[in-house]
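Taking it in order: structure first as structure tokens, then the write-up.
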Amino acid sequence: MHLPDTFISLHAYVAPGPMQSPPPPTSSVIQQPFQTSPPPAMGQPQMPPGPQLPHMSPPQSPLASMQMSGPPMSGPPMSGPPMSGHPMSGPPMSGPPMSGHPMSGHPMSGQPMSGPLMSGQPMSGQPMSGQPMAGPPMSGPPMAGMGRPFPGPPPSGPGGFQQPGLGAAGPPGYPQQAGKRIILKIVFVTSCQFGGHMAGPQPGMPGAFPGAPGGLAGPPQKKLDPDSIPSITQVIEDDQVKRGGQVYSTNIRGQVPPLVTTDFTVQDQGNASPRFMRCTTYSLPSTADLAKQCQVPLAAIIKPFANLPKNETPLYVVNHGETGPIRCNRCKAYMCPYMQFIDGGRRYQCGFCNCVNEVPVFFFQHLDHMGRRADFYERPELSLGSYEFVATLDYCKNNKLPNPPAYIFMIDVSYNNIKSGLVKLICDELKTLLENLPSEEGTESSAINVGFVTYNKVLHFYNVKSALAQPQMMVVSDTAEMFVPLLDGFLVNYQESKAVIYNLLDQIPDMFAETNESETVFVPVIQAGVEAFKAAECSGKLFIFQSSMPTAEAPGKLKNRDDKKLVNTEKEKTLFQPQKGVYEQLSKECVAQGCCVDLFLFPSQYMDIATMADVPSHTGGSVYKYNNFQVETDGEHFLRDLRKDVQKSIGFDAIMRVRTSTGFRATEFFGAVHMNNTTDVEMAAVDCDKAMTVEFKHDDALSEETGALMQCALLYTTVNGQRRLRVHNLSLNCSSQLSELYKSCETDSLINFFAKSACRAILNQPLKNVREILVNQTAHMLACYRKNCASPSAASQLILPDAMKVFPVYMNSLMKTAPLVGSTELSTDDRAHQRLLLMGMGVEDTQLLLYPRLTPLHNVDVNVEAQPAPVRCSEERLTDSGMFLLENGHSMFLWLGQASPPELIQSIFNLPSLAHLQGHMCALPELDNPLSNKVRSFIDGLIEKRPNSMKLNIVRQKDKPEMLFRQFLVEDKGLHGGASYMDFLCYVHREIRQLLT
């Protein structure tokens, strides 16, 4: 199977000293030779497996030093001392897999081509055979803490972890290399002439490569047309045109689904919907050796409670009564479409372990002439990829059916929150919000009980029993040994106690109106919630609203440890590490009790979010942050978040296990989870926005005939207190042909995996090394593809597999995110917060975060229902007379050009000109005109669609706040460091050429 490639012509020449112009082209074909630097003396080394975050390298060693295998290597050593720490559990960051579709056509023969993206013919011989590629020498000190050793022979030299040698110095934080500077230019061949030139990074500018020349001699070069390189917006649009509005049936094994950005309807016919499960590749390599060779991470991103559109059928619930779900006797997999019934229907063979099991008498059914049960379409567990079982007492704690869960609202009533008006805002909102607590479909009201706590240095518990005329307050001042002073009347049914609760919510703001207490506790607040759930024998969620670091004398007291001097040093990782001790133990207690923690933070200074958010991040909770909160400008943003958080679909006290067919198994798990062993993922709660990323590893060869199967089983308690099993099944292809693997890869899932891998790695590794690994993996995988899968072509061409052609954009954007960029200008808390957000994200969330949506609104057609189309996320797309909306799921900006027409400003803001616009506006006025209605409807639709609410920031061109907006233009150079998309593409191409030299 051959794949279509994306060809980009890149030519490089060497600057041997003073900068010189390259020799002028003498013909129009791209094969024109250019002078290049001689390859380093390497004794004909072979290209080793690329640098990886821990992957499928046997044997598994949890705290082993990170080692890279390969043939003996030499070369400029990597700077930096050895590093140690905990392993980064996850697959190797070996670069994203690359996919494409079968193609036909003639090989390129040097004729002129019409544009930069050229379909080339794959090699006519065998598919990628794994032959080693020549590459640059590598050496470096050992690097521990990132997981298992790498496969292959041991490297030469004293170090464990070694990386491919690199070219000239890269952008800040990128790998450095001694030697000659290489200036790259991208040349696109048109019918008779060379197209344009991309200027190199400029010294002194953000994202410039260290050591970049001060200038180039020779004639000025024309800037490369940005439209000539792969575009994410174009890929999204093409997939929408091709697959949008269609029904996606899941009856084909190993079928690659539409992109997460495409609108489509799923029809479950035996495999789980891609809304629940997506994979990095839908065709697994058949052997471990092939997996090592291709270095594609084998992973699934599982979102077990994903919301389904209204036009898709909710999951069916199967109830087998006291017998419970039918399972394989050997591997314990649950009944699913992959079980093969034999012997007239009296037995079935497990699709996961091949064990033959007896069919229970009550479940027996005759087979038809095709060997299929007569009730195949009547039983969800036989014909669907996703369904639920009602669990029996065997699946409940202490063999006792659970009670309905509870929500406890815990409000910080210290001076800051009272003064800002936050406490009154929360109390007023709860009066209406509690009417909309989540409930099961078909039930009239929610079964969730509610409770209330206020706190500063001490905790106040409230008795809101329905029989009382007034709520009663009980104070616990001894926070060292936390307990709940009342049982009856603390957790109540809202509908029954509504009058008392209303009374309490009216009284709380007045009760603490004169407080001067500024110190708060934090750990005792969570401990109180855990104790309340224990006493009530239920699970539940704590909603904690806190505005400052806990500095009062109590367990969990924190001190300010923010130190910008640590940024870009070996100790920078400590800024992301939570403080141990009581916080670590508290997470375990919360998970054991099924106590999820959602944290709403309102900081005005450093709060140590890395530590305070540790409990939410291990209990399936969420962390929301509102810097310098003001009710007038931030109140509605916060309330929208609170409403979504309270009302979202959710399961409690959850345990998840991923089973696989023989030959491979789940080895690593990323997400807002806790694990006591290597197989069971424990979550105090799991909601519709949380996703877990699971890495797989080969144990044996996989069968191309039977494929690979995986089953995600989630045991949880519903909001009504019923114990259930939610099952998602997925079947993948297996192949010994690497071309099949590349064709079946999915870039959006890959970048989700790499983002979570990197976010875990920075807890134990210096950022510089994590960034180096990401860059090298990108180059290494593209080099492997070019070496073994693409048709022969000029070295000046950068060849990208069709399904991976926009991967460099995502990878470059990932390295410019707050956790990975390493800048003293960024808040430590902001960086820690975004790291935690990334760890729990699904595929669609990481896709949007890493490539924000930039949409022109000044030229929308108000007479058309279709939404305006986004443009590339670059400053070059902005116009002085335009109005653009940018959003990434967490931030939203409305950018106004300095020459915006007065009629546009009048229609949107009811102001005569842009100069009259107030800088603090955070919402559009409701005006009765077509353009205003269209724009507001578009913005409201986006806010409603995203998991988090977004505050609208209105910025004018060349105003100071515009700098914040520009940092989201990810195709440009990063304001805090990081290369532009074009510079990164050139840099990666140079690394590929060195690997292939």
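Cβ coordinates are placed from backbone N, Cα and C, and glycine is handled just like the others.
Just so it is clear, the model here is predicted, and its values are computed rather than measured.
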Check your understanding: To which of the residue ranges 118-137, 618-637, 718-737 does TrEMBL assign the term region 'Disordered'?
Key -> 118-137
Point to revise | region 'Disordered' range according to TrEMBL, out of 144-174, 237-267 | key: 144-174
Revision key, fill the gap. The DSSP breakdown of the domain 'Sec23/Sec24 beta-sandwich' (651-735) into helix, strand and coil residues is 0 helix, 55 strand, 30 coil
**Study point:** Arithmetic mean of per-residue pLDDT over the domain 'Sec23/Sec24 trunk' (402-646)
**Key:** 95
Review point. By DSSP, how many residues in the domain 'Zinc finger Sec23/Sec24-type' (325-361) are helix, how many strand, and how many coil?
Key: 4 helix, 11 strand, 22 coil
Study note, to complete from the structure: DSSP tally for the domain 'Gelsolin-like' (867-939), helix/strand/coil in that order, comes to 24 helix, 11 strand, 38 coil
